[in-house]
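As written in TrEMBL, here are the features:
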{"type": "COMPBIAS", "residues": "459-470", "note": "compositional bias 'Basic and acidic residues'"}
{"type": "DOMAIN", "residues": "266-390", "note": "domain 'STAS'"}
{"type": "REGION", "residues": "431-478", "note": "region 'Disordered'"}
{"type": "TRANSMEM", "residues": "6-22", "note": "transmembrane segment"}
{"type": "TRANSMEM", "residues": "34-51", "note": "transmembrane segment"}
{"type": "TRANSMEM", "residues": "116-133", "note": "transmembrane segment"}
{"type": "TRANSMEM", "residues": "153-170", "note": "transmembrane segment"}
{"type": "TRANSMEM", "residues": "182-204", "note": "transmembrane segment"}
{"type": "TRANSMEM", "residues": "210-241", "note": "transmembrane segment"}
Amino acid sequence: FSWQPFVMGSITLLILLVMKHVGKSKKCLRFLRAGGPLTAIILGISFVKVFRPSSISLVGDIPQGLPHFSIPKKFGHAKSLVPTALLITGVAILESVGIAKALASKNGYELDSNQELFGLGVANICGSFFSTYPTTGSFSRSAVNHESGAKTGLSGITMGIIMGGALLFLTELFKEIPQCALAAIVISAVMGLVDYDEAIFLWRVNRKDFFLWTITFITTLFLGIEIGVLVGVGFSLAFVIHESANPHIAVLGRLPGTTIYRNIQQYPEAYTYNGIVIVRIDAPIYFANTSYIKDRLREYEINIDGATKRGPRVDRIYFVIIEMAPVTYIDSSAVQALRDLYQEYKDRGIQIAIANPNCEVLRTLTKSGVYDLIGKEWYFVRVHDAAQVCLQHVEQLEGQKADHILETKPGISQRLRVQQVEEDGLKLELESGDQDPLLTDKNAVDQLPEKQSGMFQRLWKEDDKTKSHSEPLLPHKH
């Protein structure tokens, strides 16, 4: 830290900010805004010539005259320069398009990135015959140009003419410019391009974008525009890869009174079916996210929180329905993952059903043999169709299970038939194969006294309650 250039640079920056503010607030003095950088240079040169401070670093000697035209004759260093040229090209594109988009957004016009890069390419090709540095849309110089009030490309032509005249006649004068004065000009120009409102907006809307804005801003501030842009792009790619590898997967439920299935987290009134899990994968399936998708499907199979369930009461999952409408692409890794998932489910008695795959996904599944492996009868156009067919199978499976239980264990009806009604000495004795009218006919129950009929009336109510949970299904022929 050196206090002399710090004080001089701070005073110069203060003068620039005051002139900019006065030029913006009063139209009659708007020339002060454009004349601020020139004033800073004149004051800096005058201060150096009068006081000759040794601690203030100067620009130094500048070669006089314009660069000479030349044509390359040897290409011995071309191979060693290729990696550096590629890096410079990448940074130049990012920096140029970045500052151009920032200025376009600030001034309310559209940017044609292809035209911007075409102009840079022509400038670099022409400049290479004069041994110039690679040309880019400089952040600092573009900011200074914008703060000076430039609106069109004519400012570039004017600046080029002035630069040519300065190189021919003013290099002796420019070597006395203090570098802290130039730094004050750049800081003054760049301060107007720091969009604080955008940072506040990103904090409210998306914390990840705010973090990306912050890390790029800090890196650019301390390490330079090139590293800042590369770090920003790197973090952006990392976020994209992370989001792609961890796609959104929703458990779907049926909206009451409709055949529409939506995310149960977004629509709490939607209900699911016992024995069936319906999921929607909201991303292409490829090698980076197959493991994540399989893990989530296993989780949903075990437990689904916050969902109202309907249909036959079952104690396990029989079907997993996957809606593939948002899945635009699957690769070979996804195909193999589906094979493994199908085999894993098959070993545990679970059937996969696919709903609404697009033609590209369906073509890939057909070519890979997954279509025939799962079975063409388990592919459906709508989620509702798949749910109805799966419900029919669940009821059939549960019906077979109930018949098996009745054959091996006495049910409640059989136990009630052998229970003695002690209050009135009524004993229910049934011969094998007879049907008790008290358990099948409500009118017969109503003929009994109140105490005797209470037990059977409760049985009828429980039976009606069980029937009310059943879901209307499609006809069996469907």
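Glycine is no exception: its Cβ is also placed from the backbone N, Cα and C atoms.
Bear in mind that TrEMBL entries carry predicted annotations, made automatically and left uncurated.
Model confidence over the domain 'STAS' (266-390) stands at 87, taken as the mean pLDDT rounded to a whole number. By the Cβ criterion (distance under 8 Å, sequence gap of 6 or more), the transmembrane segment (34-51) is counted as touching the transmembrane segment (182-204), at least 3 such pairs being found. Proximity of distant same-chain residues to the transmembrane segment (6-22), defined by a Cβ-Cβ separation under 8 Å and at least 6 residues beyond the stretch ends, is recorded for 29, 32-33, 35-37, 39-40, 43-44, 47, 56, 147, 178, 180-181, 183-185, 187-188.
Under DSSP, residues within the domain 'STAS' (266-390) fall into helix, strand and coil as 55 helix, 26 strand, 44 coil.
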